[in-house]
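Here is what Swiss-Prot records for this protein:
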TRANSMEM  45-65  transmembrane segment
TRANSMEM  98-118  transmembrane segment
TRANSMEM  136-156  transmembrane segment
TRANSMEM  203-223  transmembrane segment
TRANSMEM  239-259  transmembrane segment
TRANSMEM  304-324  transmembrane segment
TRANSMEM  325-345  transmembrane segment
TRANSMEM  358-378  transmembrane segment
TRANSMEM  392-412  transmembrane segment
TRANSMEM  420-440  transmembrane segment
TRANSMEM  448-468  transmembrane segment
TRANSMEM  479-499  transmembrane segment
Amino acid sequence: MDITIRQAVLRNFLGNSPDWYKLAIIAFLIINPLVFFFVSPFVAGWMLVIEFIFTLAMALKCYPLQPGGLLAIQAVAIGMTSPHQVAEEIANNLEVLLLLIFMVAGIYFMKQLLLFIFTKLLLSIRSKITLSLAFCVASAFLSAFLDALTVIAVVISVSVGFYTIYHHVASNHSDKDINDDSWIDSQENRKTLEQFRAFLRSLMMHAGVGTALGGVMTMVGEPQNLIIAKSAGWHFGDFFMRMLPVTLPVLCCGLLVCILLERFKLFGYGAVLPERVRQVLTDYDKQASAKRNRQEKVKLLVQALIGVWLVIALALHLAEVGLVGLSVIILATSFCGITNEHALGKAFQEALPFTALLTVFFAVVAVIIEQSLFTPIIQFVLQSSPSAQLSLFYLFNGLLSSVSDNVFVGTVYINEARKAFELGVISLQQFELLAVAINTGTNLPSVATPNGQAAFLFLLTSALAPLIRLSYGRMVYMALPYTIVMTGVGLLGVEYLLVPVTEWMIQSGWISLPHIAAGVSITH
């Protein structure tokens, strides 16, 4: 059937997104200039921020790059901000872009080692409580040094691999679609498959929360951490020590929640690996190990050594994070024999869409700076007592991060806090404490929904989610106990532990104030 040009344009616009979503974006693009020119630039700026948060919240309807990018282009075109201001924001945060481009790609070439580690964990530990704890701890440790997206991508790869193996055995057809259960005729096999799905769901959620628990602790754990660390003038060790008064209690309580959920089988947790599935997977692993030749074993050893280099380089701050990632790419590809251009290109596919989206974030941040959108909120917070400021920053960050992207929220708030310091409104010591409150507030409560954590969103939109019946609602439900405990313990840490423990560490010589002075631009 022939369609009109108008229908064709509407169908092409934002692809398979729902019509109501397309019309909402078109309405935003029509209303924004009218409000900017005829009502108030300040109101138009806030409308842009709310609309951009809306595109992030609707990430499952349409990837936010396209609608958010259209809104950002229009904002620059009508004069909400200038191309120069956008370029300046991008230049200020070049380190973060390099982290996403090179570090994620670098870890892609270490996937063999990470797959090997998680496979051995899954098959060698029989106790579900111990296994869940191991996955959570392993994800937390890896996310402290690697990118959380990459860690969750590896766990997804392992889970999809195992699911595929068992599905083929259960259906007696290795060539059938793993999304099709109609070939599994035995009721017992179907029951086993459902239990296996529940088992994988719980492991994936533990691993996802583990990336948040570890990611908050170091400056490379999450992209926004690097922005906050740069603004405060902290290196790897400084950042880790500064966060410890809040992150250590949260880590301990998070792991305790993991144990309790599995022990009492709450919130959809507690399913064990069916013995039949374990046998199938163990047999497969034995065959794979027997086929592994010396060349492949050497590759695993090389990747382990590169992992050691990565940890040392980050801990001693031997180079900028992105450059360390580039060194990982060069070392891993050189010594593992990956020299084909197309094989190299695959490593960059995961990170580049998010890198482009982050660049759009910076355009919206430029609007916020140009129009002074957050100034009233910051002034309200800064009028309260210094101790109340910390809790308010933590809560405001947490609330926004649970519905929006935490990179965006963290960037906005640290810029505003830095501006207050440069104007002499707050002291250097208070600015540093606020930086801790912003970082923890941005990272911890954001596990509430997939919108807040990039790793959770990646899991929800992955090929694994429909296989194990992991929906948006189920993710929110399974994350709820973690959200309550991590947010609550984080708030108590900011309120009661942060100031005294930080002062004690300064007196003990464990940390010192960085050499940044009021009036110096954030770019330096």
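Cβ atoms here come from the backbone N, Cα and C positions, even for glycine.
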Discussion item. Give the nonlocal contacts of the transmembrane segment (136-156) in its own chain as ranges (CB under 8 Å, at least six residues past its ends).
Written reply: 99-100, 103-104, 107-108, 111, 114-115, 117-118, 121, 203-204, 206-215, 217-218, 220-222, 251, 254-255, 258, 310-311, 314, 350-351, 354, 453-455, 458-459, 462-464
Worksheet entry | Criterion met for the transmembrane segment (98-118) and the transmembrane segment (325-345) (at least three Cβ pairs under 8 Å) | yes
Response to the item:
Taking the transmembrane segment (448-468) as reference, the highest number of CB pairs under 8 angstroms among 45-65, 239-259, 325-345, 358-378, 392-412 goes to 392-412
Worksheet entry | Dominant neighbour of the transmembrane segment (239-259) in 45-65, 203-223, 358-378, 392-412, 479-499, by Cβ pairs under 8 Å | 479-499
Fill in: Highest-contact recorded stretch vs the transmembrane segment (203-223), from 45-65, 325-345, 392-412, CB pairs under 8 Å
392-412
Practice prompt. May I ask whether the transmembrane segment (45-65) has at least three C-beta pairs under 8 Å with the transmembrane segment (392-412), counting pairs 6 or more apart in sequence?
Written response: yes
